[in-house]
């Protein structure tokens with residue numbers, strides 16, 4: 001007998017894969033399979049146990065008191081044999097190829113036969129493929145086939161991109177009922193108040209004979225009362241569909257003159273795009289004998305505001321509850337503002353947080369969201385395809401990325417960027433996530449990386465004329481182009497993804513540190529502080545850039561001397577928030 005030998009725990013890592021692979025091969029041997037699925041005349045030999053593990057439908061069928069539990073053959077009705085074959089192969093291999101041609105069939109069948117893993121990945125695939133050309137069809141599909149998360153994100157995409165969607169073929173194919181529903185949605189985000197009326201006319205002109213009778217009803221929900229008298233008069237004079245319809249003329253006539261009579265305030269709610277800022281640390285005098293009262297005042301100074309680009313005023317929002325932070329990041333999604341990460345320690349002794357907050361615009365309150373998987377400071381965040389991505393800012397030697405699904409309230413890790421960068425910015429543009437940055441080493445050239453959410457894959461883009469080293473870069477998008485600035489130069493760069501080309505635009509008026517850049521309509525808004533003069537005065541200022549005229553315009557100071565802040569944009573009813581923001585005056589050291 002063998003003595004004095006230690007136990008050995010043996011595990012063959014490839015065993016489970018080998019078993020499944022072997023079962024996939026052996027199932028075609030009639031002696032080694034135990035059931036045959038028959039779909040429209042095609043036969044698929046299988047193992048009951050494998051199907052039951054992957055499908056709740058088959059689990060109930062084979063373990064319940066049904067005839068199918070003992071039958072050698074089971075007929076599956078209302079299922080495409082090609083899709084059935086794909087699902088069976090997935091059950092044995094765990095692999096699945098999803099494309100435009102099979103995704104609808106896979107979702108439909110995985111719902112019917114309860115393959116939750118397949119349904120989930122197909123749902124995400126549809127959400128990541130969404131754009132202006134297909135969001136309406138995806139919305140219809142999600143509604144019809146019991147995918148509420150898909151329908152919700154498609155509707156959100158439509159609301160945020162109505163003007164682009166209204167130019168696509170799917171929009172012109174809408175039924176009158178759907179058209180009326182979409183056009184009357186009070187949450188549509190339109191940058192041009194004429195967009196609803198233009199969309200209604202565009203749709204009717206696709207089939208004048210059949211659709212002209214729908215125009216009065218469509219115009220009745222097109223918020224005509226928010227339009228100028230000049231535009232309404234032009235419609236009456238130059239648009240035959242209106243001038244030749246007594247009902248339309250009457251409808252237009254009722255709204256003429258409201259502008260001069262001051263009745264615009266009684267018009268339906270019109271969502272206006274505004275700039276929002278969340279402030280962190282505020283400039284304070286460096287005095288060692290600062291008393292506790294001053295510290296408490298500093299800690300609770302107002303820190304959340306929006307800028308109305310029409311009135312040129314800063315208005316107050318309810319304070320962000322986590323005062324005096326730095327290193328956090330903000331983005332907006334469905335007109336709610338999300339703040340992630342950051343630190344409240346000093347820059348020499350900082351501690352990052354996993355915290356996330358959401359300002360729910362409709363309720364006017366801040367709510368915590370599910371904490372991130374990793375703590376992050378000095379990271380970037382971006383919204384893309386109805387989800388939020390947070391990039392970098394961890395202590396790892398890799399650019400770790402997480403994705404937040406607001407529908408399920410969950411975070412998930414995605415593939416890290418291919419190349420490590422520590423000095424970076426990120427933005428979503430045309431269905432992709434762009435990461436622009438370099439290592440912290442001085443004069444290290446920038447790298448452009450692109451993430452495709454549909455494939456969960458990153459690529460490094462070799463781009464001609466990419467800018468050299470930039471300190472603390474910051475970017476945003478306007479009209480499908482990416483604009484890039486930094487705090488060490490007044491130069492402004494524009495990247496055109498369609499042609500993979502960089503070019504320079506007009507210089508900034510001043511440098512901006514620890515600020516942000518966002519877009520409102522066709523204009524960029526850049527914020528941030530700078531030191532000036534012999535007295536070392538510190539100013540936090542804003543300037544705007546008109547992308548159509550290539551001109552920068554100074555917009556004055558921010559309402560508080562924040563040493564750190566972030567900006568974004570949302571659409572909102574400005575009549576709801578009318579209190580001017582009371583910040584701190586600019587200070588000097």
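Every residue, even glycine, has its Cβ placed from backbone N, Cα and C.
On a predicted model such as this, the values are computed, not experimentally measured, just so you know.
Some features that Swiss-Prot has for this protein:
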DOMAIN    33-100  domain 'BTB'
DOMAIN    135-237  domain 'BACK'
REPEAT    274-335  repeat 'Kelch 1'
REPEAT    336-386  repeat 'Kelch 2'
REPEAT    387-431  repeat 'Kelch 3'
REPEAT    433-480  repeat 'Kelch 4'
REPEAT    482-522  repeat 'Kelch 5'
REPEAT    523-572  repeat 'Kelch 6'
Tally of DSSP helical, extended and coil residues in the domain 'BTB' (33-100): 31 helix, 13 strand, 24 coil
For the repeat 'Kelch 5' (482-522), distant same-chain residues with Cβ under 8 A (at least six beyond the ends): 191, 273-275, 277, 309, 326, 425, 427, 429-430, 432, 434, 436, 448, 461, 463-467, 470-476, 528-530, 540-541, 543-548, 550-552, 554, 562-569
Mean per-residue pLDDT computed across the repeat 'Kelch 5' (482-522): 94
